[in-house]
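What TrEMBL lists as active site, proton donor is His705. Per TrEMBL, the feature 5-methyltetrahydropteroyltri-L-glutamate binding site maps to Lys20, Asn121, Arg525, Cys526, Trp572. The feature Zn(2+) binding site is assigned by TrEMBL to His652, Cys654, Glu676, Cys737. Here TrEMBL flags 5-316 as domain 'Cobalamin-independent methionine synthase MetE N-terminal'. What TrEMBL lists as domain 'Cobalamin-independent methionine synthase MetE C-terminal/archaeal' is 436-758.
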Amino acid sequence: MSIKSTILGFPRMGSDRQLKKLVEGFWSGKVTEQELAEGSKQLRADHWALQASYGLTEVPVGDFSYYDHVLDAAFAAGIIPERYQQVDNAGTQAYFAMGRGLQNKSIDVPSLEMKKWFDTNYHYMVPEVADNQAFSLHSTKVVDEFKEAKALGYAARPVVLGPVSLLALSKTAKGSSTKPLDHLASLIPVYVELFGQLAAAGAEWVQVDEPVLSLDLEASVYQPAFAQAYAELAQVSGLKYLLTSYFGRLGDNLSWAATLPVHGIHLDLVRGAADLDSALELIPADKVISAGLINGRNIWKANLDKQLATLATIVSARQSAAPVWVSSSCSLLHSPHSLKPEVGHLDEETLGWLSFAEEKVEEVTILAAAIADRDSVAEQLERNAANVLSRQQSERITRPAVQQRLAALDESSYTRQAAFSVRQAVQRDTLKLPLFPTTTIGSFPQTAEVRKARAQFRKGALSQEEYLQFLDVETRKCIEWQDEAGLDVLVHGEFERTDMVEFFGEHLEGFVFTKRGWVQSYGSRCVKPPVIFGDVSRPHAMTVDVAKFAQSCSPNKPVKGMLTGPVTILQWSFVRDDQPRSQTAGQIALAIRDEVVDLEAAGIRVIQVDEPAIREGLPLRKADYEAYLKWSVDVFRLATTGVRNETQIHTHFCYSDFNEIFTAIKSLDADVITIENSKSDLKLLGALEVHGYAAEIGPGLYDIHSPRVPSVEEMAARFAALQKYIPAENLWANPDCGLKTRGWPEVKESLTNLVAVAVAARQAHNA
């Protein structure tokens, strides 16, 4: 049997982050719109050529995006809020304003809300649907890109975010009352028009992504919505639809999804392998099954023999049915571009364990070839089996002392000395902070000078002593400015850190680091996740010397010790898959606990352990919530409960729906939480009203992912709303998140305004 080989999508940024440079150049005025378009066109062509070079039967198109694929879908459907329509006649500048805001002499608009894309570290922009929403085909981007690929001679399959998922991932615009899904009937004609253009351009298949099918869906709402949408889309002649979901099992949704008038269904058989038996029974014989057998979410080589056995089961069961495809489990957007730059950087053993996007394309084609003629790829299969066995047997993986320490813990390791009310009184007496204390989340701008010094140090052009002296100067300047600006609890700025996870991984055993293992986080922002390959331990202190120096620069105000929490280190790394994630998180927690204790011993009175990824790690299905929340809370408490009552423990959360985990947030037993708030229309207040919160809290007063500077009036209105829900003695003033990606001028102006808001509120409260 001949099997189609394909993938669901490819990383956008390029092998050397070319798209990042193009987009940021456009924002700064150094790259014209035409240059941006031409450079992006070349990047797409390069990516298609690479995929085709491995023999993929069909390449995906439309997966490329300047900023975000959900934003692309909304923009294409004319879901452009009125405040952006004045920008550039709703053109490219308006598109970017929706993603990152825009502020100049004539325009001041914030960006759309940003949220995590399911349980990944990718962020998407949340479309806003108004009561009077008018839909129209505003952009033919996917049609144009299909024509590009076709002109270059590639067999291509357009990728489009489906209408139901687009609306399900949207939110009701401010001042409106209808739910986004109520507008489905009005949106469908736009998709019919778009798909008609694709059919006219020569497309045979369209990959319609409906990832909400991996969630718990209310069947009475979503089943008729899907039925309505796909019945109308089926009227477009000459086009076939691959209904695509990923990141988990379809579960109960499979029974009715299988009956939709589509021509194929994609299954994520990595994270949703439990669907296979039901799928073989329920998916009609005239529908293609696309088997997602290569993990798009992690970087380990697939066990090809194991996945080949699964593929053989599918093929055997579908002998007289429609063809079978083999694919990635999800888009390879979540994988680094290629292993080639890592040759000579990583050791040969580790290199043999890994597979990035380019290598995953090859794995897909090997599976497709092997099912037809195993001998044709016997050498590749033998090499893969040897690499898989090497990882299983490596002595580098297991450290008995680490596992024994984790196994020996008792309940006292997860509990603070006293209840919060007792700790709060002691901390107020010790820290003597004013009402509405002000602080920041941790990082300050990573300027060109900081990046240059780091690069020179790594190349050997700066000695370690010279580099440390440079960092000391930057740290002192940062602390002195914060003090002069009137902030109450200071931070050292994190100039020594490239990334809040990578930095700690570099100081822990059990991690390795790539040279160019970049993945997109949001917009042009890329991160380089470390790789956790074995048991984790802390061989030495990681932040103590820097924290001590920083505190010495501020004799009258506390400087926070800044750490990343165990769940976030886990979530933002590529994690070993040979033991439960909870066990790896526990090992990381012990390492962070040792650092927390050492910081306290060094005289650091406020210690922040950031956990922005706790919500991100929440399973997609509610049946799995309890187990995850139990261990994620446990590892945070394990990391933070080794200190005295006098030491104030902070944590931070960002860009999530918090209602579902607010009970868990309370169970963390932190003294202060700072939490994203400004981009989500104060939805946090609803969670506070429902669940209550007795400890101290700092909801963010402004969005740091946008270059715009919020006014005093804007932040004062937000702060006044917060005071209705949070007791004054428990309320902090702070930004949404760290300031690493911003520039010093906007940071200084924004924080000066924030301090002014807190001081005015303090005076009004005391009047």
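Note: Cβ is positioned from N, Cα and C throughout, glycine not excepted.
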Protein Cβ atoms within 10 Å of Glu676 (Zn(2+) binding site), excluding its own
27
Going by C-alpha positions, which of the recorded positions (His652, Cys654, Glu676, His705, Cys737) is nearest Arg525 (5-methyltetrahydropteroyltri-L-glutamate binding site)?
His705
Hey, what's the Cβ neighbour count for Asn121 (5-methyltetrahydropteroyltri-L-glutamate binding site) at 10 Å?
22
Binding-site residues near the residue listed as 'active site, proton donor': from Lys20, Trp572, His652, Cys654, Glu676, Cys737, Cα within 10 Å gives Cys737
Residues satisfying Cβ distance under 8 Å from His652 (Zn(2+) binding site), sequence separation of at least 6
Ile441, Gly442, Gln608, Asp610, Glu611, Pro612, Ile673, Thr674, Ile675, Cys737
Taking the Cα atoms as reference points, how far is Cys654 (Zn(2+) binding site) from Lys20 (5-methyltetrahydropteroyltri-L-glutamate binding site) in Å?
23
Closest of the binding-site residues to Glu676 (Zn(2+) binding site), Cα to Cα, picking from Lys20, Asn121, Trp572?
Asn121
With every protein chain in view, what's the tally of Cβ atoms within 10 Å of the Cβ of Cys737 (Zn(2+) binding site), excluding that atom itself?
27
By a simple count of other Cβ atoms within 10 Å, which of Cys526, Cys654, the binding-site residues in the record, is least packed?
Cys526
Going by C-beta under 8 A and a gap of 6 or more residues, the same-chain neighbours of Lys20 (5-methyltetrahydropteroyltri-L-glutamate binding site) are Met13, Gly14, Ser524, Cys526
Cβ atoms within 10 Å, counted per site: which of Arg525, His705 has the most, among these recorded positions?
His705
Pairwise Cα distance maximum in Å, 5-methyltetrahydropteroyltri-L-glutamate-binding residues per record: Lys20, Asn121, Arg525, Cys526, Trp572
20
Using a 10 Å radius on the Cβ of Trp572 (5-methyltetrahydropteroyltri-L-glutamate binding site), the other Cβ atoms enclosed count 23
